[in-house]
Amino acid sequence: MFGGRMRRRRTVSLTRETQRSPPPAWPPPPPSSETEEARSERHHKEREAKRVNAAIEKQIEKAREDKEKRKSHTKILILGQSESGKSTILKQFQLFYAPQAFRVEAEAWRAVIHLNLVRSINLILDIVATTITTGAPRETMQSALSISPPSSRWGSGGASVLSAASSAGSDGHGRNALNSSHGQGPSVKELRMRLSPLKHVESILVKRLTADDHSGSVPRPPSRGSSASSTLTTESTSSSQYARASEVIVRGGSGWKELVRRGKQIMQGREWQRDEFDDARQILHACREDVTALWSSAEVQEGLRNEGVLLRNQSGFFLDDAMRVAAIDYEPSFRDILKARIQTMGVEEHEVVVEAGDHPFTGEVGSTWLFYDVGGSRHQRAAWAPFFDDVNAIIFLCPMSGFNEFLVEDRTMNRLLDSFTLWKTVCGSKVLANVTFILFLNKSDILRAKLEAGQSFVKWVRSYKEGQNDVTHVSEYLKSKFIAIHKSSSPKKRPLHVHVTCALDVERMAKVIVSVREVIIEANLVESTLL
Ligand SMILES: Nc1nc2c(ncn2[C@@H]2O[C@H](COP(=O)(O)OP(=O)(O)OP(=O)(O)O)[C@@H](O)[C@H]2O)c(=O)[nH]1
Ligand SMILES: [Mg+2]
């Protein structure tokens, strides 16, 4: 009432103003002396102003429509420490719901797989070169790369073969054990020379993948809408040259895939220009036999072992498949793409639109799932919180195989312990009180391999009294621990859905995804009925 009277009084006073002096017309009339040229320019400016205005209005309308649409999307936040398998799980969802869109990305993944392969080779070349020069094992390299228990880091032979070779085996002409060919194929030294162009290949691949680097750009939280541009870059902050050589980082979004495709299209449009990218593939192809020879060299294997470098245990390992991956007509398989490693930086938003396909959810074709894939290393976790606001479900990953590993960013922190602490924090969040909680106890295949190889779980986890050193009992034990933390830390009672997973296993993951879908849809229904 009060407001209404105020408005009326204002109207009256305005009306009186109007009567005294009429408001100036808008736009103001042109001066009577306006020349033809000035009129034409004025008309041009008016048209331009209208065009800009219309564009802004269209953008506002689109943003409003997008916001409305997003309300109907299912939003899932994937959390967990670095290398727990978050981005791999996302790939599984993409493969399951939108295989055709996923297939289109194969070209981009090939570049990543090649980079993963080339980085492994260059790392070996660096190690071989450094060890030959200094003759001493490098602590920095061990700490950056090896995740083996301290006791098994050094070979049973005691002193490093590489260091022994350079101190005792040198013949005074700079030759040592690694330089001799033993008359069978090229020597390691020869292979080093022949594989040196792979440094250039690495820089070409990195350059292509980082072509429009907007450092630090990350998508905004879902509540504020929109995904953002992305960029992929090499790590620049690590103090260890070896850590830098082994990891590639992608910043928020997935624009790097577009970069690879765009570069290709541009080159196809100008065929007379040679594409550096294709050159890189050719060089890698030409080097593939030498790559295999280097990797299978007993000297290199022993040297790596004595240096404590367990390349097979590392993410993005393709050396065993070098001949296939470096073939000129190589098309990445789904499994290759699942194995390809890029470290996520910031928070990426991925839109997955359900395609018609083998799955039974025909009613859901065309519907959208939004996934938020986060960087899991410690310094990135502060960026997660803004995304808690507006999600339907959390998928939290714990890599079970990390029981005897340490975080790359903190060599004193056991991976399993870190997962427990992180899980406790996430469970305790009040903002997430009503969100569906799903836990993946991941990397079950690596856990199995470790236990079967005789690595003792109880040696690292003293509270594991059950004692049976097999994947079934260990995963049951971990499951009970996570359930207990969830129960004691959650602000209110809520169900928890737990799955033991291997993120590389397409068939088993399809079953897990079906089950995850069911709980999320069910929770969404319950929520909409309550509203
Ligand atoms: N063997 C095996 N490898 C896995 C499994 N899950 C993930 N990986 C591999 O582990 C590596 C790391 O996985 P990512 O998905 O990149 O890890 P992430 O959690 O996204 O890591 P950040 O982006 O650093 O936070 C990749 O090379 C995956 O292929 C698994 O269950 N078994
Ligand atoms: Mg990731």
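Cβ atoms are placed via backbone N, Cα and C, with glycine included.
Automated prediction, rather than curation, is the source of TrEMBL annotations.
Residues annotated as compositional bias 'Basic residues' in TrEMBL: 1-11.
For 1-54 (among others), the entry in TrEMBL reads region 'Disordered'.
The compositional bias 'Pro residues' annotation in TrEMBL covers 21-32. Long-range neighbours of the compositional bias 'Pro residues' (21-32) within the same chain, counting only residues 6 or more positions beyond its ends whose Cβ lies under 8 Å from a Cβ of the stretch, are 38-39, 42, 46.
What TrEMBL records for 143-154 is compositional bias 'Polar residues'.
Feature annotation from TrEMBL assigns region 'Disordered' to 143-188 (among others).
The compositional bias 'Low complexity' feature in TrEMBL is assigned to 159-170 (among others).
According to TrEMBL, the feature region 'Disordered' maps to 212-239 (among others).
If you look up TrEMBL, you'll see 223-239 (among others) marked as compositional bias 'Low complexity'.
As annotated by TrEMBL, GTP binding site applies to L338, K339, A340, R341, I342, Q343, T344, N442, K443, S444, D445, A503. Cβ neighbour count for T344 (GTP binding site) (all protein chains, 10 Å cutoff from its Cβ): 22.
The secondary structure of T344 (GTP binding site), as reduced to three states from DSSP, is extended strand. The Mg(2+) binding site annotation in TrEMBL covers T344.
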- Using DSSP and three states only, what is K443 (GTP binding site)? coil
- Taking a cut-off of under 6 Å between Cβ and any atom of ligand 2, tell me which of the binding-site residues L338, A340, I342, K443, D445 pass. none
- What is the biggest Cα to Cα gap, in Å, among L338, K339, A340, R341, I342, Q343, T344, N442, K443, S444, D445, A503, the residues listed as binding GTP? 23
- Message: If you count other C-beta atoms within 10 angstroms, which of the binding-site residues L338, A340, I342 is the most crowded?
- Response: A340
- Please list residues from the chain of D445 (GTP binding site) whose Cβ is under 8 angstroms from its Cβ, counting only those at least six apart in sequence. C502, L504, D505
- Across every protein chain in view, the count of C-beta atoms other than its own within 10 A of the C-beta of K443 (GTP binding site) is 25
